[in-house]
Amino acid sequence: MGKVYVFDHPLIQHKLTYIRSTETGTKQFRELVEEVAMLMAYEATRDLPLEETTIQTPVATATTKVLAGKKLGIVPILRAGLGMVDGILNLIPSAKVGHIGLYRDPETLQPVEYYCKLPTDLEERDLITVDPMLATGGSAAAAITFMKQRGAKNIKLMCLIAAPEGIETVQQAHPDVDIYVAAVDECLNDHGYITPGLGDAGDRLFGTK
Ligand code: URA
């Protein structure tokens, strides 16, 4: 079963409070989501392998560490996932960015892929799928399935807020995928919103209603 990591770092928790608040406008919301995504990426990449290298400092020769050439990829689920990409790229500028767009078929209620553009060397990359809200988990589970069908092997899921239902769905569908969140909220309400949550993440990021 995939693990669930809840990041309780004070900066993440502080910023998440303002992300949630109705008093936070679009500009600040976008900035805070980017900042929290960056802080979460810092925590979620703790397991990246290092290797030794030898360099010359102005004072001496030193044997030090660099990342061991792991290739990374970020895959936002459209559209709200876009809000987390730049924060992660601030830390990992060499990461490639793929995109997945899904909609729910009104008849079958199943997620249907309408857009998918992923790095060609997907199977060689450590991939971080991002979506601010893990609600039912249907979109995240489907996006991960589509990525695996194209060869992805090493996938993490990073969300700001999860509902217990969403975690359960992803864990059942993809026991190999670890989930990284800043908070696990109480439940979903009758309209499918995470409660207390932050509302519609896409609308709040892009100023739409
Ligand atoms: N998507 C959102 O943007 N917010 C929720 O609460 C649930 C799904």
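For all residues, glycine too, the Cβ spot is worked out from N, Cα and C.
For Arg79, Arg104, Asp131, Pro132, Met133, Leu134, Ala135, Thr136, Gly137, Gly138, Ser139, Asp200, the entry in TrEMBL reads 5-phospho-alpha-D-ribose 1-diphosphate binding site. Sequence annotations record features per position, and here TrEMBL assigns uracil binding site to Ile194, Gly199, Asp200, Ala201. Taken from TrEMBL, the feature domain 'Phosphoribosyltransferase' applies to 6-208.
Features as recorded by TrEMBL, highlighted on the structure.
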residue: Arg79; record: 5-phospho-alpha-D-ribose 1-diphosphate binding site; CB count, 10 Å: 16
residue: Asp131; record: 5-phospho-alpha-D-ribose 1-diphosphate binding site; CB count, 10 Å: 30
residue: Met133; record: 5-phospho-alpha-D-ribose 1-diphosphate binding site; CB count, 10 Å: 26
residue: Ala135; record: 5-phospho-alpha-D-ribose 1-diphosphate binding site; CB count, 10 Å: 23
residue: Gly137; record: 5-phospho-alpha-D-ribose 1-diphosphate binding site; CB count, 10 Å: 26
residue: Ser139; record: 5-phospho-alpha-D-ribose 1-diphosphate binding site; CB count, 10 Å: 24
residue: Ile194; record: uracil binding site; CB count, 10 Å: 28
residue: Gly199; record: uracil binding site; CB count, 10 Å: 15
residue: Asp200; record: uracil binding site; CB count, 10 Å: 15
residue: Ala201; record: uracil binding site; CB count, 10 Å: 25
**OP:** Out of Ile194, Gly199, Asp200, Ala201, point to the one nearest Ala135 (5-phospho-alpha-D-ribose 1-diphosphate binding site) in space (Cα versus Cα); all of them are binding-site residues in the record.
**Re:** Ile194
Subject >> Cβ under 6 Å from ligand 1: qualifying binding-site residues of Arg79, Asp131, Met133, Gly137, Ser139 >> reply: Met133
Original post:
Just checking: which of Met133, Gly137, Ser139 have a Cα that is within 10 Å of the Cα of Ile194 (uracil binding site), counting only these binding-site residues?
Top reply: Met133
Original post:
Which chain neighbours of the uracil site, leaving out Ile194, Gly199, Asp200, Ala201, have a Cβ atom within 8 Å of the mean position of the site's Cβ atoms?
Top reply: Ala80, Pro132, Met133, Tyr193, Gly197, Leu198, Gly202, Asp203, Arg204
**OP:** Would you kindly give the Cα-Cα distance separating Gly199 (uracil binding site) and Met133 (5-phospho-alpha-D-ribose 1-diphosphate binding site), rounded to the nearest Å?
**Re:** 9
Original post:
Of Asp131, Gly137, Ser139, which binding-site residues are close to Ala201 (uracil binding site), meaning a Cα within 10 Å of its Cα?
Top reply: Asp131
**OP:** For Met133 (5-phospho-alpha-D-ribose 1-diphosphate binding site), just give me the three-state DSSP call.
**Re:** strand
